[in-house]
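Structure first, then comments.
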Amino acid sequence: CHLIHYLRLSHHLIVLNYLICTFDKLKSVSSEDIKITDAVFDGVEVRVFEPPAKGDESLKRSVVYIHGGGWALASARTSLYNNLCRIMAESLNAVVVSIEYRLVPEVCFPEQYHDALRATKHFLQPDVLAEYSVDPSRIAISGDSAGGNLAAAVCQQLSKDEDLPVRPKLQALIYPVLQAFDFNTPSYQQNMNMPVLPRYVMVNYWIDYINGNYDLAHELLVNNHTALNVGQALSFRARLNWTSLLPPSFKKSYKPVVQTTGTAAIVERLPALLDVRAVPLLADDATLARQPRTYMLTCENDVLRDDGVMYAKRLERAGVPVTLDHFLDCFHGCMIFTVWPTDFSAGVRTRDSYIKWLDENL
């Protein structure tokens, strides 16, 4: 993939995603248990999973799901996410809407965010909910990894929309990526070389998402973009102070990496680094206080562990009921790996715990 990119034949992410989807994409085929259809919500493709109607129930609960993949990979139609959403629909007897947002490099931030927001707002219209027999008071917004980022950002925006007739009851975030302010949190330091999502890979995903240049990777890795002399970052520092937001068991003996002098031009060139639509963890307390009851799943062997834990703590301090579901022996991305040949016990345990919480709270 990188050779093809180097030869300027195509972008390496396009090639990689083509390979993933070629071997993995499923057709829209319904089973006896779940009806699967593809639709377009306000210009955004979605896949809808509908369980059969039951005589004793007129309205169903629902989950809007946003898949992960670094804003650049995967699809609502791949078998891994198709399987997850089908099981959710079956287990919860819920209508699941899986959003097929556009990917890097076709588009960059904020287009993925706009796609997720438009599709969600379209679904939340009373006439659309009625079409799918969904109870307006029992809707969750959910996503994993980069999809968790989009889910959190969408929830924040929905909470500010005074004209919205229907609001989500819950948000459920699965090892979400929530900040690009500090790439030296304890989990980033502890898991910097962890397979599936090493630190340098996550930094490159961020660069791709915000349409930056890979030449900036080193400066981001050492936090030069949020050094003490970068005035744009100063007002956000307290919102991401992991020394006060993380428990001692997570902080361990790691030390903060705060540069005295950095490169202010990075934020000037890439303002999305401090845009709360891209970086939900930097939202103010008033916004956080408006968020719905939250489920946060985190894994010990994951650079993004502390993103989720810090967001959970800030939401809790803002008065939001939060369930932090931490798995000591699991890794980033594990929840979708439940199908042979990648059928891991970590995937089944995290998926079952996530669905159990939704079942009890939605």
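Cβ atoms are placed via backbone N, Cα and C, with glycine included.
Keep in mind that TrEMBL annotations are predicted by a computer and have not been checked by a curator.
Annotation comment: TrEMBL describes Ser145, Asp302, His332 as active site. Residues or ranges marked as domain 'Alpha/beta hydrolase fold-3' in TrEMBL: 63-221, 274-335.
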>> Could you give me three numbers for the domain 'Alpha/beta hydrolase fold-3' (274-335), the DSSP helix, strand and coil residue counts?
In response: 24 helix, 19 strand, 19 coil
> In the predicted model, what is the mean pLDDT computed over the domain 'Alpha/beta hydrolase fold-3' (274-335)?
Replying inline: 97
> Within 10 angstroms of the C-beta of His332 (active site), what count of other C-beta atoms is obtained when all protein chains are considered?
Replying inline: 26
